[in-house]
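Novice: Dropping a structure here in structure tokens format, bear with me for questions.
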């Protein structure tokens, strides 16, 4: 840590003070609630900006998912919206809408993946509080006035979500948080609309379009909502059940239509090349852990979860909380289904996913609803002194748990900030060299420096991380092909395997190495144990030929271009 870090921490502490003074002023003057949410967004995003502005990589570094996220932004910005981040001839397999949007901005600004990722997180903190507030208002404007939540509920929802969710999740995967919150309120309002006598094609178009947009941001939470809709439908009377499911079916058709820019190319690639999904097959025993943090009373967030659960049970006959309770239960249904699949078929499907973002978001929204009910039941607003005192304490608590609160005092955050200030110079130097070749991103490449994808997109023979591989890429076959290259006995044998690659014309290798061998490193899923690092070594002597030209050799990294003979 140096004095620039001290200055940064001072600035964030001063912003904490500015937030408190400004918030209390807004409360005292009884300004509109949206002004407070705009203030939250402004101070949170500014704090994040100062925390990460001078970092050469993302706050949590370039490892695992961070590499994949930066690579997706970088590919959409500099290759195209229709390309997978690792295999440019395949369509995106991960929901791309969020990455598309910021990738286009990155293209206009000529940013790399790290800068785009940091800008996306900045925009999330800036826009989420007010954005979720207005999203609720939009969905509820045509609903029955007697069923609309009060203003306090709409105000508290984004604040409680920002309070209880882990900050590393808010920073690293804001799209999952946006999709979770958007799904919950879409689900709440669609259910109420379906039960009304007034239903038109306009309603199915509106809610189907919203669901399609959510699907392309992060589709998994919609699957949980579909399970909840099905369960709720079973509790409807038989006379209205057909109408209920037909209206859901109408909405689903619009959802699929809106999401065709993502789904259609993906389905086409599956039918053409087949698929091999490693994401759903990943399993460690931690996925079986019982998720009940609300009964582990070792943090204030767990108390909020406990309060939210109590609200779901106490107000279970209220329409909104009944829906939230059903949606909350789906996470345990998913978990139970995953365990049954493991028990009888030895097949996992990410049984823990419902507990990751969706359940905490649901309990946060339930807690906001409970506070709203208590506030109005006891008519707290009628006593100015009590309401002002509670509001100020609430503001102090929120500020302490925010981006500009105790988060920046965490020793781990301070350590990560220091470590992420610089990227390995050898990687930067290699990226600068590759950028000099205008065709570098289009050349089919076998490489072992995954961090470089944050700075320049590359078209891969195989992506190092099995878990994050495109299903259509068929990782196992590509891995076997790379092993066959390493088993070559002669230069000519290697050359023939290279030019006859089943994945296109292999044009470039990027290796690390020692005096005898070049090395390729892979992260391979290993059931129960998690991730296993595997190393494939290739004898350097196999590249001693005019067919392989060494164009770069600096800091233990080597770039070799393939020169195709005229007779081949």
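In case you wondered, yes, glycine gets a Cβ from its N, Cα and C as well.
Remember, TrEMBL labels are computer predictions, not curated facts.
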Novice: Do you know which of 141-158, 159-176, 177-194 TrEMBL annotates as transmembrane segment?
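Specialist: Range annotated as transmembrane segment by TrEMBL: 177-194.
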Novice: Pick from 93-109, 416-432, 433-449: which stretch is listed in TrEMBL under transmembrane segment?
Specialist: 93-109
Novice: With pairs restricted to those 6 or more apart in sequence, evaluate whether the transmembrane segment (177-194) and the transmembrane segment (34-51) have 3+ C-beta pairs under 8 Å.
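Specialist: No, the transmembrane segment (177-194) and the transmembrane segment (34-51) are not in contact.
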Novice: At a threshold of under 8 Å on Cβ distances, which of 6-27, 34-51, 93-109, 206-232 pairs most often with the transmembrane segment (387-408)?
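Specialist: Going through each listed stretch, the top one turns out to be 6-27.
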Novice: Looking only at the recorded stretches 6-27, 93-109, 244-270, 290-315, 357-375, which one has the largest tally of CB-CB distances under 8 Å to the transmembrane segment (206-232)?
Specialist: 244-270
Novice: Would you mind listing the long-range same-chain contacts of the transmembrane segment (116-136), meaning Cβ under 8 Å and 6+ residues beyond its ends?
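Specialist: Sequence-distant neighbours of the transmembrane segment (116-136): 33-34, 37-38, 40-42, 44-45, 47-49, 52, 55, 58, 66, 69-70, 73-74, 77, 98, 102-103, 105-106, 149, 154-155, 157-159, 161-162, 170-172, 174, 177-178, 181-182, 185, 403.
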Novice: In the same chain, which residue numbers or ranges, 6 or more beyond the ends of the transmembrane segment (6-27), come under 8 angstroms Cβ to Cβ?
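Specialist: Residues 35-36, 39-40, 43, 46-47, 50-51, 54, 388, 391-392, 395-396, 399, 404-405, 408 contact the transmembrane segment (6-27) from elsewhere in the chain.
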Novice: For the transmembrane segment (357-375), find every same-chain residue at least 6 residues outside the stretch whose CB is under 8 Å from a CB in it, and list them.
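Specialist: Long-range Cβ neighbours of the transmembrane segment (357-375): 149-150, 152-153, 156-157, 159-161, 163-165, 169, 173, 176-177, 180-181, 183-184, 221, 224, 291, 294, 304-305, 307-312, 314-315, 320-321, 324, 327-328, 331, 381.
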